[in-house]
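What Swiss-Prot says about this protein:
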type	residues	note
TRANSMEM	12-34	transmembrane segment
TRANSMEM	44-63	transmembrane segment
TRANSMEM	83-100	transmembrane segment
TRANSMEM	105-127	transmembrane segment
TRANSMEM	134-153	transmembrane segment
TRANSMEM	163-185	transmembrane segment
TRANSMEM	197-219	transmembrane segment
TRANSMEM	234-256	transmembrane segment
TRANSMEM	269-288	transmembrane segment
TRANSMEM	303-325	transmembrane segment
TRANSMEM	338-360	transmembrane segment
Amino acid sequence: MKTSFLAHSVAIVRSNFKGLLFTACIVIFAMYLSSVQSIKDTTHLAATAFAIIIGVLLSPWFFKYQHHFQAGVHFSAKKLLRLGIVLYGFNITLTELLSVGLKGFLLSAIVIFFVFIIALFVGTKIFKLDKETSMLVGAGSAICGAAAVLALESSLKSDPFKGILAVGTVVIFGLVFMFLYPIAFSLNLFPFFDQNAMGVFMGATLHEVANVAGAAEMAKDMAGFEQGASNVAVIIKMMRVILLVPFLLIVTYFFAKNQHSSSGKTAKSITIPYFAFAFLGMIVLNTYLASKESILGIATSDIISLGKTLCTLCIVFAMAALGLQIDFKKFLKSGSRVFGLAFVLGLVLIFGGYFLTLAFKGILW
């Protein structure tokens, strides 16, 4: 048993080695750029953003020699991606989720539901996009950015290029909003918002967890944002992240059911996102580890830190691989419509999120 497992592992490494090595070079450079303080202070870009940018710039070269690297790049975009999503559970504990309460859960669920439904309608009816692309952009805008896009793409087994387009939009609009929110709040452009309300608004409407953390940090410098308000923002965002699990199950089920009824496919086309359950299990494990000081002589804080580092590494690998697979001809042909949909959803998040936050003001805290 051990021998066969080892042989299988060696076979995987051999078949994917060139592509993994090539992707690893991009990952190392991306993580280096994100660690340089002057670059970090200027751009506020995470390693994930640098990875996809570098990947995009190198994509013409990759397509020229893809027969050498395709297997490893595909492995990074699929297998390492799922592992990264599972390990994302090391960023969340059940205690943090419960601290938000039922009303925080309700706010997050409303945002996800309406943004996704609007994405599906506007994307297919107005921008004439296919259903899968509309769903991917909607998931990225509604839940947790690139991680949600990639998780849904993996569940639906859709064309990777659709995921690449969707990831591009959520990365760009997430960064724009990350800078926009603190500036607008410092200029008092959000009437009736105190710091806690702004924290809820950030957590309920920003695309990525990194966007929420970045916006809250900038708000500290620009508007004297207190730590309590920053915590509210992150916790509300984490509630949206945890809702990724039921979201994947529900959407995958209905999408497969619709495909079956319209095209006569068998039930085998239904893909159960087991990694979503593993993600939930990792949250439970992280909660347990956080409650202990050490296990078998090893500090639990070190285990959690390792889990977070491996999560980041896997996601950065996946982002680099996705960037490499961008076909500029296809991108120029359909990218503008995808960005149009993401822009509309951005407006929905800003204005809809503003009024929703006001509606919940006084109940959430």
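The backbone N, Cα and C atoms fix where each Cβ goes, glycine too.
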Is the number of Cβ-Cβ pairs under 8 Å between the transmembrane segment (197-219) and the transmembrane segment (303-325) three or more, considering only pairs separated by 6 or more positions?
no
Restricting to the same chain and to residues at least six past its boundaries, which positions have a Cβ under 8 Å from a Cβ of the transmembrane segment (163-185)?
44-45, 48-49, 52, 133, 136-137, 139-141, 145-146, 149-150, 153, 193, 198, 201-202, 205-208, 210-211, 214-215, 218-219, 221-223, 225, 319, 322-323, 325-326, 331, 334-335, 338-339, 341-343, 346, 349-350
Six or more residues out from either end of the transmembrane segment (12-34), which same-chain residues have a Cβ under 8 Å from its Cβ atoms?
40, 45-48, 50-51, 54-55, 58, 62, 68-76, 313, 316-317, 319-321, 323-324
For the transmembrane segment (234-256), I need the partner stretch with the highest count of C-beta pairs below 8 angstroms, choosing only from 44-63, 83-100, 105-127, 303-325.
83-100
Highest Cβ pair tally under 8 Å against the transmembrane segment (44-63), stretches 83-100, 105-127, 303-325, lands on 303-325
Contacting positions for the transmembrane segment (303-325) when only residues 6+ beyond its ends and CB under 8 Å are counted:
23-24, 26-27, 30-31, 47-49, 51-59, 62, 69, 73-74, 76-77, 80-81, 83-85, 87-91, 146-147, 150, 160-161, 163-164, 167, 282, 286, 289-290, 295
